[in-house]
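K.L.:
Sharing a structure here in structure tokens format.
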Amino acid sequence: MSDILSQDWRDRRTFAIISHPDAGKTTLTEKLLLFGGAIALAGAVKGRKAAHHATSDWMKMEQERGISVTSSVMQFPYHGKVINLLDTPGHEDFSEDTYRTLTAVDSALMVIDCAKGVEERTIKLMEVCRLRTTPIFTFVNKLDRDGREPMEILDEIERVLHIQCAPVTWPIGMGRSLKGIYHLARDTVYFYTTGKGGASINHGETVVGLDNPRLDTLLPDIIDDFREEIHFLREVGNPFDHEAYLRGELTPVYFGSAISNFGVEEMLTDFAQLAPPPRPHRTTEREVAPQEEKLTGFVFKIQANMDLKHRDRIAFMRVNSGTFRAGMKLWQVRLGREVKIPDALTFLAAEREHAQEAFAGDIIGIHNHGTIRIGDTFTEGESLQFTGIPDFAPELFRRVQLKDPLKMKALLKGLAQLCEEGATQFFKPLIGSDLILGAIGVLQFEVVQQRLETEYNVKCQFESVAVATARWIEAPNDKALKQFIDKNQANLAHDHYEQLVYIAPSRVNLQLTQERFPDIVFSQTRDHLAQ
């Protein structure tokens, strides 16, 4: 791919799309690929019998339900830049996967439903972005439907998300009366049109200059009021400030309709120019700059069985510095060993190509035979660890019941591989033979159950179990750890990394145990460092 893609790390634009479920994120992802030339025809995400399934929703359950369950990675060239788009789960049960994905991007695109405004999941994701001072573009979607007043939406974004809004495009009408959008910086009106059901690109008329007499002909009943509205907007609205955007303090706001392909191209063109190139990343030892010659990278996601024909596991690695070349040897810091990477991959969702080269900001896929974990750092020899890639204590627990006892080996293999992806965890109590699965949301159990059956030919069911919460255990010394284990064996388990975990039957039990053992650290999250 290197013959059509820029080889300069400064041309990389690596970002994630964040939104509440049903705000149109997966549809927008499709349309970005359409405008980027990565796909020729956009498939409707839900429903229509003749429509293709959305390119980024390749897992069977995602195709059936029309929700994004795992993060896909897609790369395409656009206006001289290389766009690396990480599609995150839209369903709240998969917030862990989304959180980790946000550690691998340099900016984010927030999608808001023009009728619903700022919703709960958007608020949570913005909190994560704020912690990392991630620059945010905003796309207010579904302009082809009746929604709230644009100014009201801007006010809500500023009030609820604590970020200034700088309108860049502004709608002329909405719903059935939608006529177009006006780009304030380009002083250009783009008239509303749609491709065939939104499946292909179809440009409407463009008029340069808000004072152009052509607008009086095309919009005789509303153009005077609209000119006044824009005059008012320029006076009271925030002008776009690039530095404030890069600091995560201000978001440029675009309006459009992803399903109609409208307003998307204007936003994507600006994004390619304004979004930041790869940024420095912190490690336990020092900060790594993208322009450094030697390659460094970290694994933020593992996906099992992306292709049932291959029965594979792919580790997704973000390149933070240097250049990856096919066949090069890398140092896997956690294991202290050198590994050869002969056949790394790049992605167009489930489509894969062998990567000959990759640069800072790019995401590559490495075949994983059980030795790579989320959070692993790869270098050309230097011992350092990238930080900030989290695991979360599960909120929900189920006991795994196997329907065919002869399938136990396949069950353990399947659970181990699916847990490697980080979306679910399983625990083996020190006493007894139970297998306990932990997750953030109920949907994760359904996904694991379906994937065990589809990918590993293992049928099982999940039963409720008397576990309220879990905490990773650390002790100041071996003596304190042994005392703790001796007195709490009934509530202790090992996770799939053989880390010791306290599984509490109730919140009260956890609190009392913490009070009885003040020297023991009970961690609700853990970093993937050197485990």
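From the backbone N, Cα and C atoms, a Cβ is placed for every residue, glycine too.
What Swiss-Prot records for 10-279 is domain 'tr-type G'. If you look up Swiss-Prot, you'll see 19-26, 87-91, 141-144 marked as GTP binding site, on the strength of sequence analysis.
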K.L.:
Using DSSP reduced to three states, classify LYS25 (GTP binding site) as helix, strand or coil.
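P.N.:
Its secondary structure by DSSP: helix.
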K.L.:
Reduce the DSSP letter at THR88 (GTP binding site) to three states and note it down.
P.N.:
coil
K.L.:
How many other Cβ atoms are found within 10 Å of the Cβ atom of LYS25 (GTP binding site), counting all protein chains shown?
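P.N.:
Cβ-Cβ neighbours of LYS25 (GTP binding site) within 10 Å number 28.
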K.L.:
So which of the binding-site residues is most packed in, judged by how many other Cβ atoms lie within 10 Å of its Cβ, out of SER19, LEU143?
P.N.:
LEU143
